[in-house]
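First the structure, in the form of C-alpha cells, and then the observations on it.
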Amino acid sequence: MAQVKLLGFWYSPFTHRVEWALKIKGVEYEYIEEDRNNKSSLLLESNPIHKKVPVLIHNGKPICESMVILEYIDETFEGPSILPKDPYDRALARFWAKFLDEKVPAVVSTFLRVGEEREKGKEDVCEMLKVVDNELKDKKFFVGDKFGFVDMAANLIGLWLGIFQEASGVVLATSENFPNFCAWRDEYINCSQVKEYLPPRRDDLPAFYQARVQLAAVSASTKK
C-alpha cells in the first residue's frame, strides 16, 4: 500500500502543483481522482473544514492546501530543493507565492462571468498582470536563478491563463500590454521542468473549461 496518496481533480492547477513537486522529488504516490459533485468519504474525512482538493496523505496523515503541501514535500522528502536555501530568497518566494495564490479566485471567476461582472474581473486580472509584468522585467524566474516554489505557484498564470483565454475567447495577456509577462510565459512553457511535468490530459483542458464557460453563461441568462 502506498505511503503517499494524493486526492485531486485532473483539471485543477492546485492539484498539478502538488503532482509537480512529488515528481521533482521522485516520490512514488497513489493518485486518487475525486468527483467534485460526489466527493469521497476519504476527502471529507481528510479535509473536513474546506472539503477541497488537493489533499496529500502521508503515512495516514492528511495535509491540505497546495502551497502548504509543497512546503511539506520539500521538508520531508529527499531530492532537489523547491524553496530557496537562502533565507532572503525563501522569504521572497513565500511572498510572491502568496500573492499569486490569492489572485487565483479572481482569475478563474473572471472567465466564468458575463456582462459587467466579467468586465470588473478583467480589470482585476489586468491589475495583477501589471504587477507581475513589472516584477518579471529581465527575469527568467521569479526568485533566484532556477525553477522552484514560486514558479509552481505561477502555474495558473503560466499555463492555465492561456487555457482560460482559449476557452472563453477573452484575451487579456498580450505582448503589447504585458511584454515582460509574455516573454516569461513563453520561456516558462518551454522550460524543461515545465514540459517534463505538464498536467495529464492537457489537451482536454480547453474543452473542459469551455463547457464550464458555456454553463456559466446559460446560468447567468436564466437569472435575468
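Just so it is clear, glycine is given a Cβ too, placed from its N, Cα and C backbone atoms.
As annotated by TrEMBL, domain 'GST N-terminal' applies to 2-81. Here the domain 'GST N-terminal' (2-81) returns a mean pLDDT of 96 for the predicted model.
Taken from TrEMBL, the feature domain 'GST C-terminal' applies to 86-207. With helix defined as DSSP H, G or I and strand as E or B, the domain 'GST C-terminal' (86-207) counts 87 helix, 0 strand, 35 coil.
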